[in-house]
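Copied from Swiss-Prot, the annotated features are:
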type	residues	note
BINDING	Glu114, Asp115, Val116, Val117, Thr118, Thr119, Gly120, Gly121, Ser122	5-phospho-alpha-D-ribose 1-diphosphate binding site
BINDING	Thr118, Arg146	orotate binding site
Amino acid sequence: MEKEKVLEIFEKLEVINKGHFLLSSGKHSDTYLQCAKIFQYPNYSEIFSRELAEKFKGYRIDVVIGPAIGGIILAYEVARQIGVRALFAEREDNVMKLRRGFEISKGERVLVVEDVVTTGGSVKEVIELVRSLGGEVIGVGTIVDRSDGKIDFGVPFESIVKLQIKTYEKEECPLCKEGIPLVKPGSRKL
């Protein structure tokens with residue numbers, strides 16, 4: 001999908017928000033991407049998931065997993081496109097875990113998906129979880145890569161769109177210095 005088409009859909013669905021945001025990574029930004037707006041529409045969920053699944057065509061995948069909350073619907077839809085199981089990892093006591101009877105068997109080939117990647121923190125936690133259970137991570141996929149090319153997961157990393165959006169450490173944030181109120185829209189520590 002062309003970047004212009006993605007941005008057109010994002011604009012239509014009001015995915016891109018402007019302000020002063022605390023991201024789940026702990027960084028600050030003037031832009032927040034609310035991909036949940038995509039997933040409220042099954043047709044858009046299917047379009048983006050099919051696009052992401054297509055990027056991993058030719059890989060043998062047994063399971064698709066995503067971190068809660070942003071990766072739940074994406075993992076399910078990508079898995080549906082591929083025809084495999086879908087799981088999600090949840091944070092419990094600040095650690096990513098499989099719950100609800102979910103399991104990964106030793107040797108299963110796993111694709112990790114997330115709606116937006118900035119620092120890759122949640123994805124790295126899910127990768128560690130999968131490996132600790134004996135699974136083999138074969139790739140990482142995301143709708144939006146806003147990492148500015150600064151992440152290496154050690155496996156193929158694919159995105160539907162790359163966006164260059166500035167992020168700041170709290171101490172260096174110009175929005176804080178201007179006294180603009182900070183909003184925390186993400187799902188970390190729900």
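Cβ atoms here come from the backbone N, Cα and C positions, even for glycine.
Not measured: the values here are computed from a predicted model.
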Integer Å distance between the CA atoms belonging to Arg146 (orotate binding site) and Glu114 (5-phospho-alpha-D-ribose 1-diphosphate binding site): 12
Environment of Glu114, Asp115, Val116, Val117, Thr118, Thr119, Gly120, Gly121, Ser122, the listed 5-phospho-alpha-D-ribose 1-diphosphate site - residues of the same chain whose CB lies within 8 A of the CB centroid: Ser24, Ser25, Gly70, Val123, Thr142, Ser147
Entry from the binding-site residues list Val116, Arg146 having the most other CB atoms no farther than 10 A: Val116
Candidates Val116, Thr118, Ser122 (binding-site residues) with Cα within 10 Å of Arg146 (orotate binding site): Val116, Thr118
Secondary structure at Ser122 (5-phospho-alpha-D-ribose 1-diphosphate binding site), reduced by DSSP to three states: helix
For Arg146 (orotate binding site), the three-state class that DSSP assigns: coil
